[in-house]
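Asks: What follows is a structure written as structure tokens; I'll ask about it next.
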Amino acid sequence: MNDRQAALDQALKQIEKQFGKGSIMKLGEHSDQNISTISSGSLALDIALGVGGYPRGRIIEVYGPESSGKTTVALHAIAEVQAQGGTAAFIDAEHALDPAYAKNLGVNIDELLLSQPDTGEQALEIAEALVRSGAVDMLVIDSVAALVPRAEIEGEMGDAHVGLQARLMSQALRKLSGVINKSKTIAIFINQIREKVGVMFGNPEITPGGRALKFYSTVRLEVRRAEQLKQGTDVMGNKTKIKVVKNKVAPPFRIAEVDIMYGEGISREGELVDMAAEVDVINKSGSWYSYKEERIGQGRENAKQYLKEHTDIRDEISKRVREEYEIDGTNKEPLDENEETLSLLDDE
């Protein structure tokens, strides 16, 4: 047994000498066993994710039909990162980012790094450079479907380019996955959906860009509109369902229901009323909502408005709900610079 241990120790020393300290270790000796997260900016989504937010150093895919709220979900996460003093980058391959809308959602557009690349290769090279810097906490690519390979852009309109985009994504993710994990960057890939022709049974919907992103993603979120939210005859927004279809860090298939209001994004008050009523932090009797035996509104919309006007009570309820769901922020790490991440460029 001693000979085997001595041989193992020798092998470990050789590996560390060749590949550097920390290249191999016992899992129990790893200092960062808990998954550190950054809030998604939505209480309901934080709860559905199971760990209180997006896991750092992982790849997230957000997909769904057009105008379902995919970019809104990503922008809320950027606002949350910036609120904690972190740096965020947005690679706008669709050339469709609305700065005014982003500002309404709480994004500091003066500090947001923005790139509008010409080709898919350029977009992914920029993404790699940003991640390797070790100084970017969140990177959003909008969208995978718009990452057009250079050969397709330079070719004729009717030319066939079978599998080019899938190969591009597969190669990029092979390069990015390791360095994303080391740098603790959250990489959010927004994706569209397409339909397979001739599918008789099962779901005909697929996401562009091949299968690689499905495999490399730690979390996959499906965003879909459920119903319109009306005030009288005016449509004010949409009730949206966000389904966690894949989750490597917590149980999957949980669903978050949020109100996405036009021009405002996710209504924090709306999801707070729903989640608080679910765990009896807010009491619902008939159509009346009450907190600590004090009525806060008749009907959901009035309760939302009350919380919007009384931010101290809203924050108190939010804290209690997070404690009930055991996502009180104990797994949050400060977004500060460290020697390990900032030396990623030097190691190459």
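Glycine residues also receive a Cβ, built from the backbone N, Cα and C atoms like all the rest.
Residues or ranges marked as ATP binding site by Swiss-Prot on the basis of sequence analysis: Gly64, Pro65, Glu66, Ser67, Ser68, Gly69, Lys70, Thr71. For 326-348, the entry in Swiss-Prot reads region 'Disordered'. The compositional bias 'Basic and acidic residues' annotation in Swiss-Prot covers 326-335. Under the heading compositional bias 'Acidic residues', Swiss-Prot lists 336-348.
Give me the structural setting of these features: burial, nearby parts and distances.
Replies: The DSSP secondary structure for Gly64 (ATP binding site) is coil. In sequence order, Lys70, Ile193, Glu222, Val223, Arg224 are the residues of the chain that are 6 or more apart from Gly64 (ATP binding site) and have a CB within less than 8 Å of its CB.
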Asks: So, in DSSP terms, is Thr71 (ATP binding site) helix, strand, or coil?
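Replies: Helix, per DSSP.
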Asks: Around the recorded ATP site, report the further residues of that chain (criterion: Cβ within 8 Å of the mean position of the Cβ atoms of Gly64, Pro65, Glu66, Ser67, Ser68, Gly69, Lys70, Thr71; site residues excluded), sequence-ordered.
Replies: Val223, Arg224, Arg225
